[in-house]
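Everything on this sheet refers to the single structure shown next.
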Amino acid sequence: MTPVLHVPAFEDNYIWLIRGAPGQVAIVDPGDAGPVLDFLARERLTPAAILCTHHHGDHVGGVQDLLRRHAIPVYGPARERIPGLTHPLAEGDRVRLPELALEFAVLDVPGHTHGHIAYYGAGMLFCGDTLFSAGCGRLFEGTAEEMYRSLTKLAALPPDTLVYCAHEYTAANLRFAIAVEPDNAEIRAYQREISERRARGEPSLPSTIGRERRINPFLRAAEASVRRAAERHGGRRLAENVNVFAELRRWKDDFRG
Ligand code: ZN
Ligand code: FE
């Protein structure tokens, strides 16, 4: 299994370092260079590439500082403005990193931002702010339709795919998931597991696609219980799964768990 290291940044961001032999890493979404440079020096690692999922500052803010120290390629969405971008990407492109013996497929996952992409390969998914464990990104630039289609695309990946999200939001997301599905025993079991892991100072991530399909309300709009909860909250019948998704997203936007 490819080792993936985490560098915490800001309040709740994770900058993922995908490790290849010998001592080389790809850096995913470096919002801040300082903690990454410290980590690389401490662990004697050399960066080989930067992979960005979308243009928000907490994901690209450290790119220029990293480039000042290391001349490495920057991969990112073709449709967004990414500092230092050398390899503009869109769905269907592949990222080949021979230094890391890794290859990723690029998926377009608009919704949080217009050009948001995800990287999928070697049984791992780096999905930025599109899919969170038990949650999903806010709709800053895209529509509910776009985001629902993006999440459906990610949900169709193999169930054992490891999901590396860019934020530690799992505990708060699970409080919302329980409000939507109070009778889903797996959500409660997962909540216990996560609170133990967090108490030990470990990240809640990675999750898996299979788990997310069982506990993430935003991937479960087709479930009767989730539809009923969304209709109760919205006070109206919801015709399509995408309408259920849109109601869940609105509900979560002002949910105070
Ligand atoms: Zn973002
Ligand atoms: Fe973010």
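Here the Cβ of each residue, glycine as well, is placed from N, Cα and C on the backbone.
Just so you know, TrEMBL annotations are computer predictions that nobody has curated.
Note that the structure is predicted; figures quoted are calculated from it, not measured.
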Site co-member for Zn(2+) 1 according to TrEMBL, given His54, His56, His112, out of Asp38, Asp93, Asp129:
Asp129
Residue from His87, His114, His167 that TrEMBL also lists as binding Zn(2+) 2 with Asp58, His59, Asp129:
His167
Where ligand 1 binds, which of the binding-site residues His56, Asp129, His167 are close by, with Cβ under 6 Å?
His56, Asp129
Once the DSSP letters are reduced so that anything not helix or strand counts as coil, what is His59 (Zn(2+) 2 binding site)?
helix
Taking the Cβ of His56 (Zn(2+) 1 binding site) as the centre, count every other Cβ atom within 10 Å, in any protein chain shown.
20
Please give me the CB contact count at 10 A for His54 (Zn(2+) 1 binding site), counting all chains in the structure.
29
